[in-house]
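As recorded in TrEMBL:
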DOMAIN    5-78  domain 'PglD N-terminal'
BINDING   S11, G12, H13, G68  substrate binding site
ACT_SITE  H136  active site, proton acceptor
SITE      D137  site 'Increases basicity of active site His'
BINDING   H145, I166  acetyl-CoA binding site
Amino acid sequence: MALEVVIIGASGHGKVIADIVKKSGDIVLGFLDDAMEQGDEFCGYPVLGKVPDFPKYIEKYSFVIGIGNHTVRERIALELSGKKASFYTAIHPSAQISSVDVTIGEGSVVMANAVINSGARIGRQCIINTAAVVEHDNRISDYVHIAVGAKLAGTVDIGKYSWIGIGATVLNNLDICDRCLVGAGAVVIEHLTKPGTYIGVPAKKIN
């Protein structure tokens, strides 16, 4: 039976999620967004109201958060959880997810052509973006974003709120602590033990 889904965030990210929901055989009921008005339209779907209107839809519908900013995503997720909302985990049909010992947390989004291999653990409200690779036995904490084309080798541990940028590479058996931003194209060759921004080849902290 098809699920009916409310997307929070009428954004580019939300638009991609709408496509995933549709291609998964489920139904986009519409969007909630604080910058738009009820009755507006976004990418062919109705705007149902603003984010604080979500309790109107809790009884019958599932929610997915289409907002890239992890601080905002966490705040909204906690509000929804406090009201016992049901979260929709959006997985594109073309994503390659191992059938062996993989878990994906509630509300996470896995985009087209992403790969998640055996033994991987994906936390809650994560984004595994287009063509990202999460290899075997990775541990991805809550609210992490693995950006387009990023590659994590085997047995990598990514801390909460971290962002692995477009095309970045993390070598095997490495830990990245909470609140790290790894820049586009960077190559991580050692543990990252301090929060901050890391860029370059090899990746070095810049703040």
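In case you wondered, yes, glycine gets a Cβ from its N, Cα and C as well.
Those same-chain residues not listed among S11, G12, H13, G68 yet with C-beta within 8 angstroms of the centroid of the substrate site C-beta atoms are G9, G14, K15, V16, G66, I67. Long-range neighbours of H13 (substrate binding site) (same chain, six or more residues apart, CB within less than 8 Å of its CB): G66, I67, G68, V109, I127. In the structure shown, across all protein chains, G68 is the one of the binding-site residues G12, G68 with the greatest number of other Cβ atoms within 10 Å. Farthest C-alpha pair in the substrate-binding residues S11, G12, H13, G68: 9 Å apart. When Cβ neighbours within 10 Å are tallied across all protein chains shown, the highest count among the recorded positions H136, D137, H145, I166 belongs to H145. Helix, strand and coil content of the domain 'PglD N-terminal' (5-78), in residues and according to DSSP, is 28 helix, 21 strand, 25 coil.
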